[in-house]
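Below: the structure, in structure tokens.
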Amino acid sequence: MELKDRLGKEVILFDGAMGTVLQQRGLKAGDVPEKLNIEKSKEIVEIHKSYLKAGAEILTTNTFGANALKMEEIDYSVEEVISAAVENARRAVVESGIEAAVALDMGPLGELLEPMGSLTFDEAYNLYQQQVLVGVEAGADLIHIETIADLYEARAAVLAAKENSNLPVFCTLTFEEDGRTFTGGSIRSMISVLEGLGVDGIGLNCSLGPEKLEPLVEEVLQYSKLPVIMQANAGLPVMENGETVFKISPAEYFKPLARLYEKGLAVIGGCCGTNEEFISLIAENLKNKKVKEREVIKESLVCSPSQSVDLAGVNVVGERINPTGKAAFKDALRNGDLDYILKVAVEEVDAGANILDVNIGLPDIDEKEIMVRLIKELQGILDVPLQIDSSDPEVIEAALRYYNGTAIVNSVNGEAEVLEKTLPAVKKYGAAVIGLTMDDNGIPDTAAGRFAVAERIVNKAAEFGISRDKIIIDCLTLTASAQQEGVKETLKALNMVKEKLGVKTTLGVSNVSFGLPARPVLNRTFLSMALYQGLNLPIIDPNDNEMMADVKAAAVLNNIDQGAADYIEYMAETENKSGSANSAKEIKNESEEKDLQSVIIKGLKSEAARLTEAVLKEKKAIEVVNEYLIPALDIVGERYEKGEIFLPQLVQSAETVKEAFAVLKAEMARTGGRDISKGKIIMATVKGDVHDIGKNIVKTVLENYGYQIIDLGKNVNIKEIVSTVKVNKIKLLGLSALMTTTVKNMEKTIKKVREICPETKIMVGGAVLTADYADMIEADFYARDAKEAAEIAKQIFE
Amino acid sequence: MELEIERTEVLRYLQTSKDLKDDNINRLIKEATAEIKDLINFRYLYRKFPIKLNEDGVKVRGTTLTLKGKSIKKHLSNSKEIYIMAATLGAQVDKKISYYEKVSVTKSMIFDACATTAIEAGCDQVEKEIKEKVLAAGNEAITFRYSPGYGDLGIDIQKEILRILNAPKKIGLTASKYNMLHPTKSVTAIIGVIAEKGEEEQQSQENLNSVRKDDNLEERDLEFESRHCQNCLLYEDCELRRKGIYCGAKG
């Protein structure tokens, strides 16, 4: 029987360790084991053979680190190493006459991916793709991705494997004892994401011995419907005379495996410290045995690596990342000012949103490019799962590719063309999807009509292999003032799809009250009615405390929030928040700051907006800038120069001024007054560098002086900087780098900008830079600190 | 391992006065100190290696690594064995610093300073653990922690050091192709074992004599400078040093 047919039915045995065996045979610490595929192929074949004799049915090639990043350090190419490695495993099979499959082994790349590291998702994908292509060509039978600690990296590897081969794909991650990976990933998120991507086997390896790994593997067995793989270390290593020693015996190693076999473990092998004796003992006991049946707990999860949400409950989807009807939001999008949007997102999460809807649909922007950037930024700072909201299938596909988790797609509807174009990506990335109960003929008037559309969507999704637990139906809220009789039909339809189709439900709520007075009353009442009918995902503004409270209360009354635990916690937190706001007020009252200028000098950020509004009643915006903000900044600057205050205080004052500016900008937009911006400056931390604080300090101070900053963030590639400079006809570009190694990229960036935009002036700063160094890399200016950067800007713009 | 985050150290990294009287900043430091403790996932590793001094620097025996340069050779001139260590606060701390950069730059600066204080405190504890082992084995002392990037020891050995310790797999610590450590709040360092003390004392006296006695002597710690700053490439021109503010581990 073929491996793929046996998988999940009979126990399949992997081999044991390669790396630690090679070390025992004299491989030096720090040396690259993959080169031995070529230099000592006989020895590698021997190790493979020993595992075959012990009973292994899958041989893992000696290619754990055989990616182009690591192979740079030796004299062989990825092609040479992987071809030799697959050949070695094949030879062992032929020479020993024992049948076995050959698994192309792919370990972590050795560099951390964005946003924590500087390796991009595409770079990671390309590295894995190269390995897969060579492995397929060399004749591997399956692809085994292992010891991965970052779910994003696992996604890159799995996608590379699935898109470039037809081989079965296994993927195992490595966890610490607390059930988290080094990057914070959870077991449930791993299951959700990897099952979504369609791997053939899932599990855990390395890091711990089998006993410590046992409860974690049990969790996988409880929640994953896929065949479960386990490759534990031979216990925790001990250092003896400078050597790593594993002390556990094969018999001890086997005990937890025997227990897990009873619970349904399907694929077993060994990791660091194991050898053929371990595999032999497992083979004696379990080889060819039937995999035990198990109950799998069904969930409908969407997730980020560290946080998952079961759609079966009631969860709030934040609606505020959406430009519709918001001038400031639109401006931010057009200017590429993602910070504005990130702040909206942070507020929503702070207010209790469980999922964030992400909609940036504007006709005059590159929606795909900005969506991808925004997704990366959001997942860099927040842990809530995202809901990709777009009508463009290309945007959806791109967002799903770069999203590190299981997302919701918002949305498809009953139109055949929409379904055909969007569902393939939903399936490929394992996303959940919202189906709107409308089609080419519009929204059906009756509940029965909407139910029919929902049923059509469910059936079509099934054709694409998307199961009902991934489907969310939106029965569409109608406006009571215009279609009063339709409101009840929506609620009726909601109940029908829930009961008869067994899918989850969502609704945008606030539409219901359009055109009527006291809208919040109607919104809340409608929300309560919908929750009673079984609404799972209300899409609302989470900053609306009363709506939030309604959701929490309904979850108690509907017997969803067991023991009212979530309700009690939420109410305690709300109490707490308003309590701390009161006490904060008291501190302010004591300090009796009524004057905008002294508020800025003291850096009392939360007071700035209110006082600016007060001053605006009597003064024009530009007068506020000249009479309050600039003089206050001058005083702060002077004190800083004299050493009376220090950098954190300077920055605190700068952030206070920023709050005041926000009020002024809104006022200008309202009254259509002259723009107070003195000019646009681009700021970026160069490629390879992820230290961003210095640049952010400079940015904050420059904003204070009235410049509009386009902040491209950290680890920014040259192309992006050049194109943004060009599009915005930028006069001044500020670049930051912390390390000597990344100053090289600064130099390259400067060269490229000079080529394309010779008019643009460039200032540079960062820990290792000096005026001489800045000269050497041909920057126009060296800014020692934020104050100097402001002076340089003044020179350019005034 | 519980890491102590001392306020005075945080203020030092923020380059403020030692008795900063700003209520807001002091409150933020207090909050950040409490918050960061839940995010820190302190992990460390070390391993002992015999060494051999040669023409280029220091050969680490049983490995592929040679520590190149004059400064490291001088640093280990009294040692026959070294410990190589690596430590990290983990990725969640980095994520939170990024988060605060979007919410409040002031807060991110303070969080960053708290994180730096924490990783240094962690390294101090690891160093202490190593010292106890070294002394128990009958040696006299250890050298201070010497990291890639000090003196003329290049940072291009980061990846190799991590590989020797198997650090990516064991503690999730990696280096980028630009030799930056990721997670960023991480340290690799080399500690020499000193079997007999005599020469070391003479050496440190020599170092102390050669410390620059240019500015602001009452604020500065010359002994610290003799052990740490003198090895730094920026030693001559360092403005912080002149003010008596030190960027490295000062415990």
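Even glycines carry a Cβ here, placed using N, Cα and C.
No curator has checked TrEMBL annotations; they are predicted automatically.
Remember, it's a predicted structure, so these values are computed and weren't measured experimentally.
Among the candidates A:CYS171, A:CYS206, the residue that TrEMBL annotates alongside A:CYS271, A:CYS272 as binding Zn(2+) is A:CYS206. DSSP assignment over the domain 'B12-binding N-terminal' (A:583-676) gives 74 helix, 0 strand, 20 coil. Taking each of the binding-site residues A:CYS206, A:CYS271, A:CYS272 in turn and counting other Cβ atoms within 10 Å of its Cβ gives the largest count for A:CYS271. Secondary structure at A:CYS206 (Zn(2+) binding site), as computed by DSSP, is coil.
Sorting the domain 'B12-binding' (A:678-798) by DSSP state (H, G, I as helix; E, B as strand; all else coil) yields 57 helix, 26 strand, 38 coil.
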